[in-house]
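Noted in TrEMBL for the protein shown:
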COMPBIAS  7-23  compositional bias 'Polar residues'
REGION    1-23  region 'Disordered'
TRANSMEM  47-70  transmembrane segment
TRANSMEM  76-96  transmembrane segment
TRANSMEM  116-137  transmembrane segment
TRANSMEM  168-190  transmembrane segment
TRANSMEM  202-222  transmembrane segment
TRANSMEM  276-296  transmembrane segment
TRANSMEM  369-389  transmembrane segment
TRANSMEM  395-419  transmembrane segment
TRANSMEM  449-468  transmembrane segment
TRANSMEM  480-503  transmembrane segment
Amino acid sequence: MGVGSRLKSSLQAKEYNENSGNETTYGRWSNVDLDPTPPSQRNWSPWYFFAFQFSIAFSPTTYNIGSSLYAIGLNWWLIVISSFVGTGFCCIVLFFNSRGPTFYHIGFPVYMRISAGIYGSLWFIFVRMIVAIFYMGTQTYYASRLLHVSLRCIFGHQWEDIPNSLPASAGITTSQMVAFFIAWVLQFPFAFLHPKNAGPLFVVKSMLSPVAYTATMIWALVKFGGVDLALGTKHVSGGQLGWNFMRAINTVCSGVVPPMVNIADLARYGNKPSDVVPLVIGLFVSKPAVILLGLFTTAAGAKQFGVATWNQWDFYSLVLDNYWGPGTRTLVFLGAFIQSFATIVTNVSSNAIPVGCDLNGLFPRYFTIVRGMVLCHILVWPVVPWLLVNSAQNFLTFLGSYLCFISPTVAAMMVDYWYARRGNIHVPSLYTPVPSSPYYYVKGCNPRIYIAWICGVVLVISGIAGAIKPGTISQTAVNVYNTGFLLSLTCGAVVYFLLCYIWPVRVYPLGEHEHESKSWEAMVPTEGFFHDDLIIPSYIRDRVLVGEEVNVSGSERDRFSGGMKHNSWSKAE
């Protein structure tokens, strides 16, 4: 073997998992991380799921939402109401989109093949990856701004006196760039943390981050003698107030879009849907709570300083400017550093892991999840995130734009699982791009989801230009864009439902199994395998034959044991 061949072989991803019960690969469309998760790796407990979603809301993104919404003319109680309404919608979507991956133990890149087709899924995987890279950059920038405050607490004026050699057009100072580099270095080791082992990390964050946020708010309320809830300098009424309220709901939802889309990447490590239910509870409890913490902290600062800071690092900077001293520096350092760490953890789950999974799905021969996460960390620099989030307006627009492209996709995925297939997935067909596969559709692509996606995107995308530069497009288009989550989600779901009603999808492969039972989740007891599939993990064979699962009927065991006559349980050559 030549040097080139050895190098190519070393770069190729491992094809199978020794703990999966197989010693053979599903084919070139799979590798060790794309195969269904074996029982030995299904180690995410309900507590891990709760801690994950509960802690993920404690981030600058969510904190900034509440204070930013003052800029569009909403008062505090409308913001509170919108936070609960928007979070409620997100909880529903999160629940519906997590059931399939939990039962069949497949991540987003493979799960996307069900509704989009084996080849058609690549576009949606690519879109999610690109957006997650941008989110990765912005979250790293948030972590660096909080770290910047922490470094000021340590070094004082010496940190502040670092000469700025960057032009104003750069959108960042030299000291901020140094802080960004340090934050990136601290974050980089997490690129090697496989998601199956990430659960304890979120438990740690769920304990530290809420304490830091709550302590900051209580300190501000006590120190400044209450709050000034009349923060908004812009006041709206009538129809515009209604549209702005819808925009607030849209903004709240947009902050949860990554978990709604990414849930398959973590739900696959659970054992049953009830394990994931605490995740929904954690979201509904934490999301409005963080928005309220941001509101009251900002309001307290406005009362004291006469200015409403829409992000926490500016609030901390004002506190240091006016209350410089050992005690204040210590408290601010602890608060800012803990929240910088929490932001890095959020980055791991919401962005690094999805990008790793997507690169794994796009290039299964060369990328594992960890390799993809490493590349994701490197790509943070070309994103120049400090230019994306330099104002409240840009921040809200950036969040809202993602909804235009991903909401119809999520809607189609839910309709496909819950209506079109009634929860029945044939797992081996997800790795075989042949005409007999139910996920081959038309040349490997499902036209239904593309039609639904285009309809959902076209409905709201025209308003992006007006949202960024008011006056360049009609206000009606902007208002439609500001309700992008609900409109594009509903449009995508309705269009995909109608197309599946008129043009039903094929549930099982062509051949002897195409007339198998299509009752609700009939394939769940065997995790998506038939008795005569070429590759059947031994843990499924053994569990079904001995009736370990209480929901496996006698007839189901008979159907599987019948295959033993033809040695159909043996591993594929």
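Including glycine, each Cβ sits where the backbone N, Cα and C put it.
Just so you know, TrEMBL annotations never went through curation; they're auto-generated.
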So what's near the transmembrane segment (76-96) in sequence-distant terms, Cβ-Cβ under 8 Å and 6+ beyond its ends?
65-66, 69-70, 229, 231, 245, 248-253, 256, 259-260, 263, 276-277, 279-280, 283-284, 287-288, 291-292, 295, 299, 410, 414, 417-418, 485-486, 489
Can you find at least 3 Cβ pairs under 8 Å between the transmembrane segment (276-296) and the transmembrane segment (168-190), where each pair is 6 or more residues apart in sequence?
no
Same-chain residues near the transmembrane segment (47-70), Cβ under 8 Å, at least 6 residues beyond its ends:
79, 82-83, 138-139, 142, 145-146, 199-200, 202-203, 205-206, 209-210, 213, 231-232, 248, 251-252, 255, 259, 266, 270, 275-276, 278-283, 285-287, 289-295, 298, 308-313, 339, 342-343, 345-346, 349-350, 392, 395-396, 399
